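Heads up: the structure comes next, in structure tokens.
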Amino acid sequence: MKISTQFLVVFMLGISISIMFMVPIFSSSDVFTLPKSFNQFNTIFLSILIEAIPFVLIGVLIAGFIQIFITEDHIRAFIPKNKILAVFMGCFVGSLFPACECGIVPIVRRLIEKGVPLYAGIGFLLTGPLINPIVILSTYMAFGNDLEMALYRMGVGFVAAVAIALVVSFLYKSNQLKRMNKNQNAFLKEGKRQLIGTRVSEMFKHSIDEFFDMSKYLILGAFVAALLQTYVSMQFLFLFGDGLIHSTIVMMALAYFLSLCSEADAFIGASFKNIFPSTSILAFLVYGPMIDLKNTIMLLSVFKAKFVFVLFMLITSIVFTFVYLTSFL
């Protein structure tokens, strides 16, 4: 009997969450006591999953809509042929789109499969979680209703995303996807003859498949992030945080390994105001939504590993450079 991938993902997700919720019950008994570190791991793992899953659900629903209702003709009519204009278009649309770095991955995959150029998709990928209206509002509130940090985050983030996407446009001609959905247009060719109910049903079917595909990587990413946060002391990072350059690197590393959702990371960043300079905190706020640990694992499921590595290096170097330059303003 063949067990489907979908069943395994659901089973793994259910078992993981069930065990984590049962941990406090077992650890409170006299018979069976778990270490405190495991309880901490449990809390972090669940918090990452609970925080990310709603955004992944929104993302896969939008991806399903794109799969069924959006054709290549729509894409060609919307995306400018000029590379620079296409990059700006991707970054601008992303900045209006309320998504986290997990939920936006399946959307970008579908857009690229439909014919959106890689560089425009990367612009959308980077700005969506970083400077959408919800993130900017949360940043404004986290820093005591001070608009300065929110504006810096929005400005530096947008410029960095444009620069990264432009470099990608010169480095890569192909879409760099691991695999293409060969049957992606099969339904659309008959779409005009299908009832709207049938098309909506097909949309949900694709969304469910997308959710199962993304969830296993989300679980893995959440597991690794929780493991590192629990068993690797972050104190050693602060030992290297003396000086602007070192503190900026420390805050970028912290953003990567904490894997926070961009809608909430500003409140964590604001808690470091009395420890690190504002430039380093800005690096934390710009870098984390662009690339973090769980997001990297999800990107590796969609794009070729070499491309993900190059993208990681581009994001790291360009964000560091642009954020550091703000210290001279």
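Each residue, glycine too, has its Cβ placed from N, Cα and C.
Residues or ranges marked as transmembrane segment by TrEMBL: 7-26 (among others).
Here TrEMBL flags 46-70 (among others) as transmembrane segment.
Annotation source TrEMBL lists transmembrane segment at 118-143 (among others).
The feature transmembrane segment is assigned by TrEMBL to 149-172 (among others).
The annotation transmembrane segment is assigned in TrEMBL to 217-238 (among others).
Under 8 Å from some Cβ of the transmembrane segment (244-262) lie the Cβ atoms of residues 48, 51-52, 55, 100-102, 129-130, 135, 221-222, 225, 228-229, 232, 234, 237-238, 268-269, 272, 276-277, 279-281, 283-285, 287-289, 291-295, 316, 319-320, 323-324, 327, all in the same chain and six or more residues away from its ends. Annotated transmembrane segment per TrEMBL: 244-262 (among others), in sequence order.
Taken from TrEMBL, the feature transmembrane segment applies to 274-291 (among others).
The transmembrane segment feature in TrEMBL is assigned to 303-325 (among others).
With a cut-off of 8 Å between Cβ atoms, the residues of this chain six or more beyond the transmembrane segment (118-143) that come close are 79, 83, 86-101, 104-105, 107-108, 111-112, 149-150, 153-154, 157-158, 160-162, 164-166, 168-169, 172, 174-176, 262-264, 266-267, 269-270, 273, 285-286, 289-290, 311, 315.
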